[in-house]
Amino acid sequence: MEKDASFLFGGISFNRKKFARDFDRFKGKIQVDSAEKLNFIDKEDKTIDDSLEKVEFVENEISGMEDGTSTSVSKKRKRKEKGKVPDVEGFSVFKSSKLKEEAASEETDQSVNELLQGKKEYYQQLERDAIFRKMHNIHVSGSNIPSPLLNFSELRSRYECRSYLLRNLAKLGFKEPTPIQRQTIPVLLSGRECFACAPTGSGKTFAFVFPVLMKLKHTSKDGVRAVILSPTKELAAQTTRECKKLARKKFYIRLMTKQLAKSGDFSKLRCDVLISTPLRLKFAIQKRKLDLSRVEYLVLDESDKLFEPGMLEQVDFVVKACTNPSILRSLFSATLPDIVEDRARTIMHDAVRVIIGRKNSASETIEQKLVYVGSEEGKLLALRQSFAESLNPPVLVFVQNKERAKELYDELKLEDIRADVIHSDLSQIQRENAIDNFRAGKTWVLIATDVVARGMDFKGVNCVINYDFPDAAAAYIHRIGRSGRAGRSGQAITFYTEADIPFLRNIANVITSSGGEVPEWIMSLTKKKWRKHRPRRETISTQPDI
Ligand SMILES: Nc1ncnc2c1ncn2[C@@H]1O[C@H](COP(=O)(O)OP(=O)(O)OP(=O)(O)O)[C@@H](O)[C@H]1O
């Protein structure tokens, strides 16, 4: 075959004179191809190689311009055009048009040169961005993604951020943006929607609060202009506090309390940013005629939780109530399953996807351990033993449900450990007190259900104990993410019994993907597709059964 091919093509030379017209068309095609390449805009992840190739290409084009060998718009064309004009002496009209043509041609060259120079700078910027993103483990996809922030001062130089916001930021003691802030703040400031997934404790709250406050500019009497949805009341209250720390007195920032949802007169209430759980917000829209038609920014925090059955319907209701056609929506979470992304894509426009590190993985600052405890009884022994050996408060202990939270609390409250409990049967005030006391260090051990597993920022939690095995990998990631926040180190211990072994591999995968080690035999277990692993467990009690 090869021989045939070389025989067919060997010795053939192209007669340019004879096929001049075809040759010109072919040249034209090359020019179009080059132009297409110059107009190329990334659709997917920008890799360094990609950018380098484009910079190289444009550099060749420019040097081609300089030495006359460029394949795109070149001096050859100018010469060819020049050759077409009949050189008739004495006819000044022709002479002047010739001069004009030369001048015009030089102008074209200059503007093409400028265009290529602009393109070169553009690709060089892409290259710098790609290197910077790689350094900070930022992965992006989407078209025309703005450059990440090099530092907070770029908020002023690139986006004319008002000085009060930068002052408030400085008061918080933040020196550098975290990776998620570096990328999502410019994305949202440039008016783009986004999905963002970054590890627990990596500063996602400010990543969406900051651009919202920047874009709102001033307080207004127009009603609610930004809505932040959180899956729990505790998280909504925390986000409200964080938002107020940045905004101080410049905006009306409101938490949708039970009272407000039931009896607020929203036609009179000044509110720029409203933070709520989906249920309360839906209630206020239906019963209190809360108008969300002017909402410009909608943030779905812990978005995968908000998209779970049970909450999805309320979220959907809120999304539909935000009827402003130019609304910007964004989704943030430490876990972002593909199904959530796919659903969200159906409502979002030209969204940018930002992932920090590996999607759906735990924070690498947490040391993770799996501990076999045999049976339910074994758990209590293991817990007591671990407290006796080294109790390094604050410690957060997660159990499967509120009944078990009460049982464990009853077991521990008589001991010399300052323990407290939080679950959904407590009143709002009791829940707030439990959180405040834990934050203030008055409580050493907080026993909790998953109600505080997501988003809660307890500074300095040294250890998370999964007394009951989590019901999903995402629940595991969020629970243990209450420690090891904002770059601090933390520890996570997960007890498992025989009943949990089939699901061990799923947690083991999370551990290994965040750099931890897991015994070989666990890694050789088959990965089980799980849907809410919540086995019936024996009562937590050291009292003999009567
Ligand atoms: N640029 C920064 N520099 C230093 N600390 C920061 C910065 N941004 C945020 N923080 C702090 O990091 C901690 C964790 O932030 P945040 O609660 O926003 O995390 P998160 O990514 O939302 O976590 P989770 O997934 O658990 O909700 C907070 O105490 C916050 O004040």
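Cβ coordinates are placed from backbone N, Cα and C, and glycine is handled just like the others.
Because the structure is a prediction, the values reported are computed rather than measured.
Here TrEMBL flags 144-433 (among others) as domain 'Helicase ATP-binding'.
Within the same chain, residues 136-138, 148, 189, 196, 198, 202-204, 206-207, 210, 213-214, 217, 245-248, 250, 354, 356 sit at least 6 positions outside the domain 'DEAD-box RNA helicase Q' (154-182) and bring their C-beta atoms closer than 8 Å to a C-beta of that stretch. Residues or ranges marked as domain 'DEAD-box RNA helicase Q' in TrEMBL: 154-182.
Positions annotated as domain 'Helicase ATP-binding' by TrEMBL: 185-354 (among others). Residues belonging to the domain 'Helicase ATP-binding' (185-354) score a mean pLDDT of 95 in the model.
As annotated by TrEMBL, domain 'Helicase C-terminal' applies to 365-526.
If you look up TrEMBL, you'll see 154-182 marked as motif 'Q motif'.
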Looking only at the domain 'DEAD-box RNA helicase Q' (154-182), how are its residues distributed among DSSP helix, strand and coil?
19 helix, 0 strand, 10 coil
